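Q: Handing you a structure now.
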Amino acid sequence: MSDEANKGLLSPLRRKLLMGMAAVPAITMLPRASFAQAPATSAVNTTGLAVTDTEVTVGILHSATGTMAISETGSIQAEKLAIEQINAAGGVLGRKIKFIQEDGASDWPTFAEKAKKLLVNDKVAAIMGCWTSASRKAVLPVVEQYNGMLYYPTFYEGLEQSKNVIYTGQEATQQILAGLNWIAKEKGAKSFFFIGSDYIWPRTSNKIARKHVENVLKGKVVGEEYYALGSTQFNSVINKIKLTKPDVIFTDVVGGSNVAFYKQLKAAGVDLAKQPLLTISVTEDEIDGIGGENIAGAYACMKYFQSLDNPNNKAFVSAFKKMWGEKTVIGDVTQAAYLGPWLWKLTVEKAGSFDVDKIAAASPGVEFKGAPEGYVRVHENHHLWSKTRVGRAKLDGQFELIYETADLVEPDPFPKGYQ
Amino acid sequence: MIINSRFFNRSELMGFIALAAVLFVILPLTLDVFRLNLVAKYLTYAFVALGLVLCWGYGGILSLGQGVFFGLGGYCMAMFLKLEASSVENTKIQSTPGIPDFMDWNQITALPLFWQPFHSLTFTIFAIILVPGLFALIIGTAMFKRRVGGTYFAIITQAVAAILTILIVGQQGYTGGINGMTDLRTLKGWDIRPDHAKIILYFVEVVLLFACIGIAQFIRLTKLGRILVAMREQEDRVRFSGYSVANFKIFAFCMAAIFAAIGGAMFALNVGFMSPSFVGIVPSIEMVIYTAVGGRMSIFGAIWGAILVNFAKTSLSESFPQLWLFGLGALFIAVVLAFPNGLSGLWADYVQPRIDQLFASRRAKAGWNDNSVADGAPAE
Amino acid sequence: MFGDYSIGDLGSIFVMQGFAGLILFSVYVLMALGLAIIFGQMGVINMAHGEFMILGAYVTWMTSNLFQTYLPSLFSGYFFLAMILAFLASGALGMVVEWVLIRHLYKRPLDTLLATWGLSLMLQQAYRSVFGAREVGVELPQWMLGSLHVTDSIEVPINGVFVMGLTVLITISVAYVLYMSRWGRQVRAVVQNRVMAGAVGINTEKVDRFTFGLGCGIAGVAGSAFTMIGSTGPTSGQLYIVDTFLVVVFGGAASLLGTIASAFSISQTQSTLEFFMSGSMAKVLTLLAVVGILMLRPQGLFALKVRK
């Protein structure tokens, strides 16, 4: 049905409006309620949110400036795309989504300040936003105090659960364990070298990975190193890697440091085709800066790759490129950010209300069949059930899917035995 | 510089009245709590700016490490608040209840020794003043006794800011790392988060700010202040007159550090968290910017600078994030090139004479009534 | 911690680690040379130095893209042209900045710090608007990738060797220009006594402009060399600025030899410490040591006169 619509509507003038229709076959699967007569505002909004008879306002809160803009741009784009598609498909409870975008400017207090503004002044019904753990930690007390709803896209360290947050990325155990199991089985890996950026996410992830390697895989961690964010000199750690000769290098280096790390690794003669390297921090976005030739052969472990071969994803990728240009790449977090508005819409329709309390209560069990990564479902703990996948980086900057878990992996933000 | 025997001369008195009217009456009446809380955040930088007027404007010592002191004060306060927020029942989900959450995440199982005293509010308040003060004393003594010059001092304070940031980020088990200390809740059982608490905190902060203004003004008017200025102009002559230049510099630097620390502590209270992003080089230089824009020679000018630049930052970055950095950069260059005394210099050169004129003509006709000095235009 | 390793392993690791230190050394020297000229010779605190470096990096990136599109056959040699272009671009921008901004501020060194900080904000935003917020990766010609295989455990990265060679070359040329050429003598004359230099007929304004341009140009070359080992983004320049200033100050601002000696000692300390502890602690300890020594010996390692 959406294909038919697509044929007749190629006028460039209207392309933008119609892109949403073209993009998501999943729209056809949505409940008919979205096209039905809109229910009265007084019934669906009892707490004074910014909902009118025709519109509902949500906030987008990411860094458009500062050091994190590099990473967060993709999330902003994905959220805007999802909102446009939802509007093209009839909106939420018969109301168009309007968004207010605020810039967190890579500065955590600014995030808290803007979140407060969105909730207190603009009365937004939900916030799609945050990227780093630090910004989420800054925003969390605000959304809890003013009873807002935050959809957070990044894979993160876990150890957190809130009524007011839906975590659309993976928490650490979900992301890491399957990847470690796979590489231990496939490569017979016994010794691991951990290297990460120095903040909470890599440290917690490595802690979980270490427990898993030592207790479950019966392997050994031969080194664990942290470098300050933004570091560009990795020669010392590369020497240590060469000295300890680990079976697997396990990395969670983030941001610009990645570029330096992989370039120097390659220059030091470490051939990723022979030396297995498993990263949980490099998505297609990062490879753009690293350069495919420097990282080809490395394995990445996350829930989404742009190259996933399923109809949902193909439609998503083409809609994304149509909206933001052919050269854009889509990483794991970008996809997770795309889920935010959709999950919110589905939850609102399930709850029949925009009230935050009702949405929070209705969230567990919400299913999104049209997700580019495949079917996802919200867990009791407000994280997503999702598959974990391992991909191998190719020269062209894309990942080739090597392995995916057979079933959805249960999110477990407070893993027993890993703390 | 003309020394006035009164505490404030007339224009200063007007500045004082105008600032007090705006902060005590106009803003609380016109702004909602959210915006008022933003003003409270801006005002925390006014403390730093005030300190910079003393040590940079009068003493000629440019410190690019005020963020260090701001951060030390803020972290002291935040440690106290964090401990209170980490009561056993609040943190029962952790593997070790009763310690701050970030320690638990970093496998620390007991409260470190240096955290222990921060259970006491009295100790915390002393620490907010003394820790940065002593730190400034050490740096100042080491540098000024050896007569390290202005630019070198600036670069070394900058390095200190870098070191402290790396240290805080690296020792995240003890400091919260790059996330900082978040989710601060109560002060001696009094919830600092709801609206009425924000209003009370705002007024506490304004009162403190005026107390600091008083101290700064007092220092300026005593012989001490005059020696500071003399030192800036002709350091050697002051030294040859028998004064210990180093001691005066150390004093000014310590005062600036303490003011900054008070600002930092108020920041932790008003904003509800503290993070290393206020300690490093960029925030430290921004603090100098506020002072320079407002006027490094004017106590009130610097405070206005802190408020206005931050206000511009919030509103411009809301609507034109692209333009904001261009604007800030250009503003900065303009301040340095065209009007080195900042807004207060402009005021003194262009607005003040008109007001004086106005007063002169008015006084001839009738008494003076208000301080509607927006652009010096006649009222009727 | 050495228990598990054989003597041979240890030997090669010390060689490799020493080499890592040498690369860091080259990086520091490249960064600091331009600043040593601008700060040491002219007394201008150029906080936008990092942004001049990044300009060089972006020029390199554009050159590599141009070659890939139009002259793929010559791609292996593009880097040399890119470095020259980077030098010219950063140098030209430097001269413009000197003319517009710096020349008004020679008597107020602290104010140059503030003004150039404003400049660096504007340049960052300009890069972001032109090149986008994402970091760009420069594709290197094939011969620069990989490493020389010395023994089984010792591998020498080719781009590291290249950076080192470049450093030596630039250092020698700068030393030659400053100490041997007629123009260098004019520069030093202006630095030592501006009025007298003017009195004997040296065009001091012109000398200033070219000196500043030269310093910025070298920063551009450094940025170009950095694309081999690091990343290029609008704010990458800020990362280096404190390190660079410390290197120059630690060396004793007016001395070229001091800059080299200080770069060497800082890089070797950091690189050695990094092997025994975490990267951030190594950095903290190195910086602390530098600041500590500067407090005891404010004039730096090699200096004529610092006190004012």
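Every residue, even glycine, has its Cβ placed from backbone N, Cα and C.
Annotations in TrEMBL come from automatic prediction, not curation.
Source: prediction; values computed, not measured.
The annotation transmembrane segment is assigned in TrEMBL to C:12-40, C:52-71, C:77-102, C:109-127, C:158-179, C:212-233, C:239-263, C:275-296.
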Q: Three or more CB pairs closer than 8 Å, sequence separation of 6 or more: does that hold for the transmembrane segment (C:212-233) against the transmembrane segment (C:109-127)?
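A: No, since the transmembrane segment (C:212-233) and the transmembrane segment (C:109-127) share fewer than 3 Cβ pairs closer than 8 Å, they do not count as touching.
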Q: Please figure out which one of C:52-71, C:77-102, C:158-179, C:239-263, C:275-296 racks up the most CB pairs under 8 Å against the transmembrane segment (C:12-40).
A: C:239-263
Q: Find the member of C:52-71, C:109-127, C:158-179, C:239-263 that has more C-beta pairs under 8 Å to the transmembrane segment (C:275-296) than any other listed stretch.
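A: Checked against C:52-71, C:109-127, C:158-179, C:239-263; highest Cβ contact count belongs to C:239-263.
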Q: Going along the chain, which residues at least six beyond the ends of the transmembrane segment (C:109-127) come within the CB cut-off of under 8 Å?
A: 43-51, 54-55, 58, 97, 101-102, 234-235, 237-238
Q: Can you tell me which of C:52-71, C:77-102, C:239-263 gets the most C-beta pairs within less than 8 Å of the transmembrane segment (C:158-179)?
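A: By Cβ pairs under 8 Å, C:239-263 leads among C:52-71, C:77-102, C:239-263.
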